[in-house]
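Visitor: Once you've had a glance at the structure underneath, I'll fire off some questions.
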Amino acid sequence: MATRRQHRRAFPLVPLLLSLLAAAAYGRLISDGSPSAPFVSVIRQSSAPAAAAEERCEQSYGFLPCTTTVLGNLFLVLAYGFLMYKAATYLSAGSELLLEIMGPGLVGGLLLPILGALPDALLVLVSGLSGSKETAQSQVLIGMGLLAGSTVFLLTLLWGTCVVVGKCDLGPNGAAVDLQDTKGFSLTGTGVSTDVQTSYAARIMGISVIPFIIAQFAKIVKTHQGKRIAALLALIVSFFLVLSYCLYQVFQPWIQRRKLAYAKHKHVISGILRHAQQQSLGRLLNKDGTPDESVIRKLFHKIDMDESRTLSRAELHALIVGINFEEVDFDKEDAVDKILDDFDTSGNEIVEEEEFVQGMKKWLNEAKRSMPAGGAFSNKFINDYHARTRQEHDQLVDQADEAVESVENPGWCIAKAVGLLLLGAAIAAAFADPLVDAVHNFSNATHIPSFFISFIALPLATNSSEAVSAIIFATRKKQRTSSLTFSEVYGGVTMNNTLCLGVFLAIIYIRDLTWDFSSEVLVILLVCVVMGLFTSFRTTFPLWTCLVAYMLYPLSLVIVYILDYVFGWS
């Protein structure tokens, strides 16, 4: 997604290699066609109609597996989709490492948005790049399906889910009250609030639909040359908007600054957790991963110097001063405010024992969600979480705004970042075309239009990690994290509507394909305009708004089906 990448660690290569080996082995089975392959026999029998009229499939690059069966192509779609997911993960990890060296102003503004949209852009590119003109005209529908599906997915299913998981009670002034969620699933009494800058991101998203409108003039003009001019004009406007949006992020990097503040907050959390472990008070987590309440209470009494059974600002300040944050430049009073924000649910400017216990449990559960699962929850778990939050902070520091210690081993960081970027780009480039072929073959085998397959399936492969990051941010149930969550969603849609559409239009223009996507463009415009107007001029969204977002997703599919297959638009 654009500008908003939540830090993610690069995944090990073992699952990637296993997937490749499985795909290759399965490909040999399904390509062999010999009677001695019992698994193949079962698959072929389960799809007898397709087998009856089986056509020879063409292997991508001459060696990757291919098949004409339903189950075989479903397997390949899942395998190649997983590889595209891994590519997005490596690209994100590499681009975030560069922040440690160059700061968010340049990298966060120019590089991150483009790299975030790279897997989608490559899939759009290869959908119309290979084969004859007739083949390209058929397969390019997959690119349009991905383009429309990603935009609709982000603004409907993901947006609505973030409202549900991030909801808080709405106060007397109509704004959501941070961390207070006592009204259950009240459609009008709960919701989320964002800041004004988030509504600016929504307005930018609304502007990004202009190239779609221009491209539709190709359906109005009658001459072939006029259609090409309309496509070229929309192409130019798309890339102009990409450049403008990236420059806006460079000169107004408010999203990166907000992420930096959030990274500092997490580092305060991890520092306090590690401090508790180092005081020999016991393990904060039991072997099953549940917080140990007795150890948390021991920590409370150790901090409570005056034995008042409450923690004052002075005692919290003393705690912060006594923790080694490894020279990360914290404003101690700001850190105290962050603790009070999370712990002081009664709003009396002190932390009572039960508030401390519940707050620490919440922090520990957040730490568990942030770290990959792997065995017992030992002291090393807390140390690893602390090291990770320090790394996230370093990666997000804006050298122009804050003075921090110079990065250790910058040469190694650059080499690692470049390696991850090259690996992610190579995987995306290598498997984008096989994935498009697998979707096309699956469409032929099932007689399901390729648009609907790519609309539903491909966005899950290219946006799943971003969706998880956004939902985790939203569960913080605070205005600042909700603002970041929705800003990231709007940024991802903006890049889909500009960069990915620009690539799509370039294919249409260069290969002289027909622009025949009126129904698809209509649903993109419908969702973007409805959600854009909905989010551009308000900052509080009651829970009922998620129902509007959710309903737009099936409505989009129904509209395309009716317009294309009932009224014959395409």
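In case you wondered, yes, glycine gets a Cβ from its N, Cα and C as well.
Pulled from TrEMBL, these are the listed features:
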{"type": "DOMAIN", "residues": "291-326", "note": "domain 'EF-hand'"}
{"type": "DOMAIN", "residues": "331-366", "note": "domain 'EF-hand'"}
{"type": "SIGNAL", "residues": "1-27", "note": "signal peptide"}
{"type": "TRANSMEM", "residues": "62-85", "note": "transmembrane segment"}
{"type": "TRANSMEM", "residues": "97-118", "note": "transmembrane segment"}
{"type": "TRANSMEM", "residues": "138-159", "note": "transmembrane segment"}
{"type": "TRANSMEM", "residues": "200-218", "note": "transmembrane segment"}
{"type": "TRANSMEM", "residues": "230-251", "note": "transmembrane segment"}
{"type": "TRANSMEM", "residues": "413-432", "note": "transmembrane segment"}
{"type": "TRANSMEM", "residues": "452-474", "note": "transmembrane segment"}
{"type": "TRANSMEM", "residues": "486-511", "note": "transmembrane segment"}
{"type": "TRANSMEM", "residues": "517-534", "note": "transmembrane segment"}
{"type": "TRANSMEM", "residues": "541-563", "note": "transmembrane segment"}
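Please go over these features one by one and say how buried each is and what sits next to it.
Guide: Distant neighbours of the domain 'EF-hand' (331-366): 178-180, 264-265, 268-269, 272-273, 284-285, 291, 293, 296-297, 299-300, 309-313, 316-317, 320-321, 478; these residues of the same chain sit at least 6 beyond its ends, with a Cβ under 8 Å from one of its Cβ atoms.
Residues of the same chain lying 6 or more positions beyond the ends of the transmembrane segment (138-159) and with a Cβ under 8 Å from any Cβ of it are 1, 120, 123-125, 127-128, 130-131, 436, 439-440, 449-456, 458-460, 462-463, 467, 470-471, 486, 489, 492-493, 496-497, 500-501, 504, 507-508, 513, 517, 520, 523-524, 527-528, 531, 546, 549-550, 552-553, 556.
Long-range neighbours of the transmembrane segment (452-474) within the same chain, counting only residues 6 or more positions beyond its ends whose Cβ lies under 8 Å from a Cβ of the stretch, are 1, 4-6, 8, 77, 81-82, 84-85, 88-89, 92, 116, 119-120, 123, 141-146, 148-150, 152-154, 158, 161-163, 165-166, 192, 262, 369-370, 435, 439, 442-443, 481-482, 484-485, 488-489, 492, 557, 560-561.
When Cβ-Cβ distances below 8 Å are used as the criterion, the transmembrane segment (486-511) is approached by residues 1-4, 113-114, 116-117, 120-121, 124-125, 127-129, 133, 136, 140, 143-144, 146-147, 150-151, 154-155, 158-159, 162, 194, 197-198, 201-202, 204-205, 208-209, 211-212, 215, 228, 231-232, 234-235, 238-239, 241-242, 245, 255, 258, 463, 466, 469-470, 473, 524, 528, 535 of the same chain, each at least six residues removed from its ends.
Within its own chain, the transmembrane segment (541-563) has Cβ neighbours under 8 Å at 148, 152-153, 155-157, 159-161, 163-164, 167, 170, 185-194, 451-452, 455-456, 518-520, 522-523, 526-527, 530-531, 534-535, 569-570, counting only residues six or more beyond its boundaries.
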Visitor: Go through the chain and flag residues at least 6 beyond the ends of the transmembrane segment (200-218) whose CB is under 8 A from any CB in it; none is fine as an answer.
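Guide: For the transmembrane segment (200-218), the list is 226-227, 230-231, 233-235, 237-238, 241, 245, 248, 255, 486-487, 490-491, 493-494, 497-498, 501-502, 505, 515, 518, 521, 524-525, 528-529, 531-533, 535-536.
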Visitor: Give residue numbers and ranges for long-range contacts of the transmembrane segment (517-534): same chain, 6 or more residues beyond its ends, CB-CB under 8 A.
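Guide: Apart from its flanks, the transmembrane segment (517-534) reaches 141, 144-145, 147-148, 151-152, 155-156, 159, 202-203, 205-206, 208-209, 212-213, 215-216, 219, 451, 493, 497, 545, 548-549, 552, 556, 559-560, 563-564, 569-570.
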